[in-house]
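According to TrEMBL, the protein carries these features:
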- Arg36, Arg111, Arg144: substrate binding site (BINDING)
- Lys193, Glu289, Gly315, Gly316, Asp317, Thr318: ATP binding site (BINDING)
Amino acid sequence: MNLQPVKKANLKGKRVLLRAGFDVPIKNGKVAEDFRIKKSLPTVRLLQYKGAKVIILSHLGENGVSLKPVANYLSRHFSNFKFISSILGKSAEKAISFMKEGDIIMLENLRLDKGEEKNDKNFAKKLAKMGDAYVNEAFSVSHRAHASIVGIPAHLPSFAGLLFENELSNLSKAFKPKHPFLLILGGVKFESKLNVLEKFVKIADKIFIGGALANNFFKLKRMNIDNSIVDTKVSVKKYLNNQKIILPIDFRTKKEMILDIGPKTIKEIMDLAKKSKFILWNGPMGNFEDKRFARGTEMTARAIVASPAVSIVGGGDTIAAAKKAGVIEQFSFVSTGGGAMLEFLAKGTLPGIEALIKSKKRI
């Protein structure tokens with residue numbers, strides 16, 4: 001892809017707007033899961049090393065909560081860090097004007113301004129005026145055509161962060177994978193994964209479908225799935241007899257609901273993984289948050305890392321389950337993206353990628 005990498009950019013003395021993906025779980029006013037933050041820290045440090053004045057932009061949650069907990073986390077990693085409790089205005093402008101090379105400022109939650117999600121042109125312009133260059137390090141949000149993702153690059157020289165590049169490099173391996181290639185899809189919402197199935201049914205050698213996604217197939221087969229969750233927004237009829245697709249053969253249930261895959265299915269996944277050279281996984285095999293129904297997902301994670309395959313996983317629930325299984329560090333690559341990962345796999349691009357490509361100005 002024709003992206004400008006941040007590692008080659010001359011940013012000494014420049015005000016750099018770093019769009020980060022710091023939308024992380026917060027519990028009791030503290031960062032409860034720092035996976036996404038840790039993945040972006042090398043880019044922050046690189047910008048400091050280059051002598052940039054780093055201005056971090058991010059959002060947090062859907063309901064306009066403050067980024068203060070994330071700021072507190074970052075302040076423990078960087079001594080010359082300052083949090084500004086506004087996005088625009090005199091306080092932000094003044095703080096930026098006093099910045100020295102290597103200083104870091106983080107502005108307040110972008111989604112507190114309606115212009116962010118609306119991709120308001122004026123909001124994007126105002127943000128852009130605070131910087132001399134822009135770096136996208138928020139792969140996890142780059143499927144959203146928001147002001148900080150697609151608006152700012154129209155006004156500034158724009159670069160891909162280290163994590164952003166790493167995401168594209170690793171996920172792109174799925175387009176020309178080693179074979180046998182095993183795709184594992186789970187979770188609840190089939191709607192978000194249907195385009196991935198559409199594309200990879202032509203590429204993968206085997207596709208295992210678990211979690212509530214499998215219920216769509218069982219319903220078409222007229223199996224009795226009682227009160228089990230079915231995504232009624234999609235139809236998988238065209239895939240019903242596809243020989244590549246493998247479904248669970250036994251289950252763990254409660255109150256007439258399928259909540260996990262059973263031991264025979266786990267054994268089948270283990271056998272499939274052993275024979276594979278490339279494995280792509282998104283979505284848990286059951287209600288893994290409940291210990292009684294976590295075994296299927298945890299054993300899937302262990303089966304993947306025990307195989308000789310190159311393994312790529314992503315999605316918040318999938319990552320959480322892999323951490324519970326204690327194998328998160330053993331995958332070849334763990335994506336920070338959920339929806340962004342799925343959209344990139346399905347389409348080969350994202351609004352955030354296109355914005356970087358179209359950015360004409362260069363330092």
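Heads up, the Cβ atoms here are built off N, Cα and C, so glycines get one too.
Caution: TrEMBL annotation is automatic and unverified by curators.
Structural mapping of features recorded in TrEMBL.
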residue : record                 : contacts (Cβ under 8 Å, 6+ apart)
Arg36   : substrate binding site : Gly21, Phe22, Asp23, Val24, Ser140, Thr336
Arg111  : substrate binding site : His59, Leu60, Gly61, Glu62, Gly64, Glu117
Arg144  : substrate binding site : Glu117, Pro351, Gly352
Lys193  : ATP binding site       : Leu185, Gly187, Leu213, Asn282, Gly283, Leu342
Glu289  : ATP binding site       : none
Gly315  : ATP binding site       : Gly187, Asn282, Gly283, Ser335, Gly337, Gly338, Met341, Leu342
Gly316  : ATP binding site       : Gly338
Asp317  : ATP binding site       : Gly187, Gly283, Pro284, Phe288
Thr318  : ATP binding site       : Gly186, Gly187, Trp281, Asn282, Gly283, Pro284
Whole number in angstrom, please: the longest C-alpha to C-alpha distance across Arg36, Arg111, Arg144 for substrate. 18
